[in-house]
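Colleague: The transmembrane segment annotation in TrEMBL covers B:21-45, B:57-76, B:83-99, B:105-123, B:130-148, B:171-192, B:220-244, B:250-269, B:276-295, B:301-322.
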Amino acid sequence: MRTAPSAPEEERGASPLSAAPILTLRNIHKTFGSHQALRGVDLDIRPGECLGLIGDNAAGKSTLSKVISGTYIPDEGEITMAGRPVRFATPSEARALNIEMVYQDLALCDHVDVVGNLFLGRELKRGPFLDQKRMLAEAERMLAALEIRIPRLTAKVEKLSGGQRQAIAIARAASFEPKVLLMDEPTSALAVAEVEAVLGLINRVKARGVAVVLVTHRMQDLFRVCDRVAVMYEGTKVAERAIADTNLQELVDLIVGKGGH
Amino acid sequence: MATYTERQAGSRLADFIGEHAQVLSIALFFVLCMLFFGAMTTTFLTSGNLLNVVRQAAPILIVAVAMTLVITTAGIDLSVGSMVALINALAAIVMASGLDWTLTLPLMLVAGALIGGIQGWFIAYQGIPAFIVTLAGLSILRGFALYLTEGYSIPIRDAAGFFWLGRGEVLGFPVPALIAILVAVLGFVVMLRTQYGRQVIAVGSNMEAARRVGMPAKRVLASVYVVSGVASAVAGMLIAARLGSGSSNAAQGFELQVIAAVVLGGTSLMGGKASMLGTVLGTMTIAVIGNGLILMHISPFFTQIVTGTIILVAIWMNTRLFDRQWRFGRRKSA
């Protein structure tokens, strides 16, 4: 695994308490064939803050989050991380800079067990072999820290329920000291208690200074965890609101495009 | 509702059987075949015959271990039979031209890796389906073998060390069988205990997920064809060493036997699901059936019919009898 470039010292010294964005997106364009998925999006992501990304289906929320995670390469635009321009050619490059993502499709390997999925792509090794004992112990610790309960960690992921699978995907992204944590619909398949657990988790990682980006359709979740909300419409960011200055009705109006048209 | 409630742990036996259903079924099938041929003939269960079976199965087993990796990535390598023939012929030609066998051996392994690497490049980096690439390979490689030998068998002379690989014994155990067992153990360890094995499974299970977590997905996909190329080279040389000659007609239908053995062992053609132990058992089952039918004086032409039927029945048994939720003790879902 690649090591992340050393975090810029001057950044931390210059801005003692956040405010300065850790990740800045400017004029991001992405086109799939004839479909303009993103049409010049600007976005600031700040440490210790949860940014809600909302919008109708196909508004470009997932595409934008995948651009940040390195899954998609933008056609145009700049991304700077802590003041330095970065360019992710692969998700692993973003991951090396501690940008983690929970994908909507979870990106789990069904035929690999729970432990294996948690450590997918960064397996612990002892000599040439996998250190399964240590990975199992670490996995138990990781899941316990997030209050996620899975009965058997050596079970194949295909045997688990949708909620358990989602919990594993979240645990995988949240457990390796992320600086930016992107979550694409992390609560969509979850039951009530699990949603509570995820929201609690978001608040906890936020408190650790992690920048969280939450893509969601569940408006009620926004008011529980987010500090700011960005509204996407047809591949553009149409509005940005501090959560304290807005309400549910305004956000709904912004999403469906009332007032703007 | 699906909250995190405490569940009673289900039967561990049910979990075990559920997860190893395919291996258990092929193991049962293997034992049944052993008992059947043991009962029907007096010679089958003699140590001489059994050693003969493993000696003959050795090349298939070696390639089947590699093929397990290939099929785990949801790929297929149809070119292994032609590759065996090409290396088989090439080794004989190179040795006939005066190169020592100790140099021929690594040279052939490199050749196998190279040819496998070319096929892997087309599959992983150019996105051509493995079936197409290796089907072309099947034709091209066999064609090269025929072209080089002009269809003749080329004798290998004065290479006692080389012949030992195909005919020798260590403590009464045939050398090719020892090599095959070594390869199988290596395959087992690589698949279950190394990061590479984990990557192969991940790529077969969900290639996009593997890519997203930073695995070199394409490189892993290409690499399994290198492995199968090297394994085919080993098998080709073992066959040359046993027969004392190289021929472009060696290993006809070899790829089908290998694929049958792997699939019989429970490795899924859809990828992600692999069983090295199953592959070993599958290979031995096919070898035992072939050997047993001959000992029973049944027409050798019949062997193919029986082998095909058994593959069908075994897979059917897998899906109908073994691959479902098993319950033990309390009559509620485990």
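Keep in mind that glycine also has a Cβ here, set from the backbone N, Cα and C atoms.
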Colleague: Relative to the transmembrane segment (B:21-45), which of B:57-76, B:105-123, B:220-244, B:276-295 accounts for the most Cβ pairs at distances under 8 Å?
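Modeller: By the under-8 Å Cβ criterion, the transmembrane segment (B:21-45) pairs most with B:276-295.
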Colleague: Hey, which of B:57-76, B:83-99, B:105-123, B:250-269, B:276-295 has the most Cβ-Cβ pairs under 8 Å against the transmembrane segment (B:220-244)?
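Modeller: Of the candidates B:57-76, B:83-99, B:105-123, B:250-269, B:276-295, B:105-123 scores highest.
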Colleague: Determine which recorded stretch among B:57-76, B:130-148, B:250-269, B:276-295 has the most C-beta pairs below 8 angstroms with the transmembrane segment (B:83-99).
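Modeller: If we count Cβ pairs closer than 8 Å to the transmembrane segment (B:83-99), B:130-148 scores highest.
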Colleague: In the same chain, who gets a Cβ under 8 Å from the transmembrane segment (B:57-76) while lying at least 6 residues past its ends?
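Modeller: Distant Cβ neighbours of the transmembrane segment (B:57-76) are 84, 123, 130-131, 134, 174, 176-177, 179-180, 183-184, 186-187, 190-191, 200-201, 203-204, 220-221, 224-225, 227-228, 230-232, 234-236, 238-239, 251, 254, 257-259, 261-263, 265, 267-276, 279-280, 282-284, 286-287.
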